[in-house]
Amino acid sequence: MSGAVLVAIAAAVGNLLQGWDNATIAGAVLYIKKEFNLESNPSVEGLIVAMSLIGATLITTCSGGVADWLGRRPMLILSSILYFVGSLVMLWSPNVYVLLLGRLLDGFGVGLVVTLVPIYISETAPPEIRGLLNTLPQFTGSGGMFLSYCMVFGMSLMPSPSWRLMLGVLFIPSLVFFFLTVFFLPESPRWLVSKGRMLEAKRVLQRLRGREDVSGEMALLVEGLGIGGETTIEEYIIGPADEVTDDHDIAVDKDQIKLYGAEEGLSWVARPVKGGSTMSVLSRHGSTMSRRQGSLIDPLVTLFGSVHEKMPDTGSMRSALFPHFGSMFSVGGNQPRHEDWDEENLVGEGEDYPSDHGDDSEDDLHSPLISRQTTSMEKDMPHTAHGTLSTFRHGSQVQGAQGEGAGSMGIGGGWQVAWKWTEREDESGQKEEGFPGSRRGSIVSLPGGDGTGEADFVQASALVSQPALYSKDLLKEHTIGPAMVHPSETTKGSIWHDLHDPGVKRALVVGVGLQILQQFSGINGVLYYTPQILEQAGVGILLSNMGISSSSASLLISALTTFVMLPAIAVAMRLMDLSGRRTLLLTTIPILIASLLVLVISNLVHMNSIVHAVLSTVSVVLYFCFFVMGFGPAPNILCSEIFPTRVRGICIAICALTFWICDIIVTYSLPVLLKSIGLAGVFGMYAIVCCISWVFVFIKVPETKGMPLEVITEFFSVGARQAEAAKNE
């Protein structure tokens, strides 16, 4: 686990450089315009500041596709080189044109970092701390701004401040970032798997997780390569084997899955329910809140919510279902505690899959499973390294005459992956290992109370899909999972065709929508207004009495502004995986609205200057703190989680391009808006956008905390089909 943390910290150094650059140009431009006489030519002054935005926008148009082609690590190395070269060019800068070139190169580096660091961290982080690690870029970016403002403020106190030195000092941290990317950062294991480089991916995962056994996660990565596979939600009834009767409208006995508990003589069965629809499953297992909200809520949000919702009777978290691995059960009710459950017999024919061994193998695989087991038992049980509360046994109790056994592995965040293998005899009578079985179905350890009672029967829902297959020949040793087709085969074909997949389109709506609303929520306007606010609060007079010039005072004020963000971001890092992304957004956006409305009122109503300064200062501080807790990091975190591996780079590039275009629009429209509708009008407009943002998050943005990336993308696929089905009804 420490390996993933250190790798995320190293990658987030790139965002420190971004924040560093943003702050240094804000201070250096005060001296640049004096040297080049730009007071009468504000367009050139604005171009110097904006050239970094232009460079970031240009590079973003191709960064995602190239990252999917060449890898994440080479692009991060390139960004460090661009930072380094750009800083040296700015340090030299004999004229404005060379300075513009240096700013453009620097912008290229910024664009690559903003696009790729969230992808890289998401693809290397374990699910249980992915939110924390993906908040690091926000923290290091703000930290870089604070350090840079302090440096520029110190230089501004010199008799002859050098703007070239202010900008050129960037080459030192950029050189550090270069060495980190070249000698410390590994390639993303998910990208390696997508290219069929399995041994490299396995070694990287072993380093990131700090353990040798990463087979479960390797299987997960392969299973997550497909896009748009047919996945269905099925309903099951689980109960004691001798008590399940026809009264529960269950299928015939041949369809049952038999389970064995740890207690001798105790067995249970899971049987499919006839006629259970996807939407009926959601209505039973979804939250009571979503039922009250009616049809406005996206079914996708309800589906994700069912994973995290607490079961009211037992206090346990709902176990959830999962893709490409067959059946996975969502269970509530009283069950024997601390039991491990294994499959005994699975009936129901699976589909045939081609094998790269040729036509001599006609076996299919037993559907594997991913399950989430988060119950009230968590309080009583020690945490494992990867947060798994219950596990499957690698050797089944029922392994016997048929040569069947069950295997299972943790994949982080309390999730497990498991499948069943069979042994068969070849022509000479020798047993052949590793051939998948011919039937599908799987079951998970059940949460619950202290024993069986009246509530022996429980409802269960399963997300069932067909697996993406590959062969053990990929590793030339033990198999990683039940698959037969080389992973690189799944990445062939048109990327643009995959963008039309309903699940991908739904994810793009969420990602692009968040980026647009974030930029129009007012952060640039509040940053622009902050020096004026603090001046009114008397900070400027206090600093001038200390002998600090107005230019130096503005830099110090900006440093103080960024400093107050850091504790708030630290709190967000803690809450991102506890409360969740959606919850943080829904909680913090109302405070942004209130802060903006107070700023509107303070600028419309005539009041005592001291009262005005206090209200404005408190509002600005609250706005900054709660913005960086929610709307600052959450959009990038969510965008890095909701797209399939095959198109993750290009989809995040689309989201990042939206970010930069909106950033440019907001930056250049702000002076015009201030002149036309005034400060109160601008903040009022931002407050309206924040209200729209809250509604958008409430209706469209699901909770993704603690879920493996491959599970998230499969949920988007299922949710999109559910939404289409709901429209057609």
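Note that Cβ sites are derived from N, Cα and C of the backbone, with glycine treated the same way.
Features as listed in Swiss-Prot:
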COMPBIAS  347-363  compositional bias 'Acidic residues'
COMPBIAS  423-434  compositional bias 'Basic and acidic residues'
MOD_RES   Ser438  phosphoserine
REGION    347-367  region 'Disordered'
REGION    423-442  region 'Disordered'
TRANSMEM  1-21  transmembrane segment
TRANSMEM  47-67  transmembrane segment
TRANSMEM  81-101  transmembrane segment
TRANSMEM  104-124  transmembrane segment
TRANSMEM  139-159  transmembrane segment
TRANSMEM  165-185  transmembrane segment
TRANSMEM  507-527  transmembrane segment
TRANSMEM  553-573  transmembrane segment
TRANSMEM  585-605  transmembrane segment
TRANSMEM  610-630  transmembrane segment
TRANSMEM  650-670  transmembrane segment
TRANSMEM  679-699  transmembrane segment
Ask   = Have the transmembrane segment (139-159) and the transmembrane segment (553-573) got at least three CB pairs under 8 Å, pairs 6 or more apart in sequence?
value = yes
Request  = Count, for each of 1-21, 47-67, 104-124, 165-185, the Cβ pairs lying under 8 Å from the transmembrane segment (650-670), and report the range with the highest count.
outcome  = 47-67
Key: Long-range neighbours of the transmembrane segment (1-21), counting only residues six or more past its ends (CB under 8 A)   = 52, 76, 79-80, 83, 106, 109-110, 112-114, 117, 120-121, 124-126, 129, 133-134, 136-148, 170, 173-174, 176-177, 180-181, 184-186, 207-210, 385-386
Task = Quickly jot the same-chain residues contacting the transmembrane segment (81-101) by Cβ under 8 Å, restricted to those at least six beyond its ends, or write none.
result = 14, 17, 32, 36, 44, 47-48, 51, 107-109, 112, 164-165, 167-171, 174-175, 177-178
Key: Top Cβ-contact partner of the transmembrane segment (610-630) among 104-124, 165-185, 553-573, 679-699 (pairs under 8 Å)   = 553-573
Contact ranking winner - 104-124, 553-573, 679-699 against the transmembrane segment (165-185), Cβ under 8 Å = 104-124
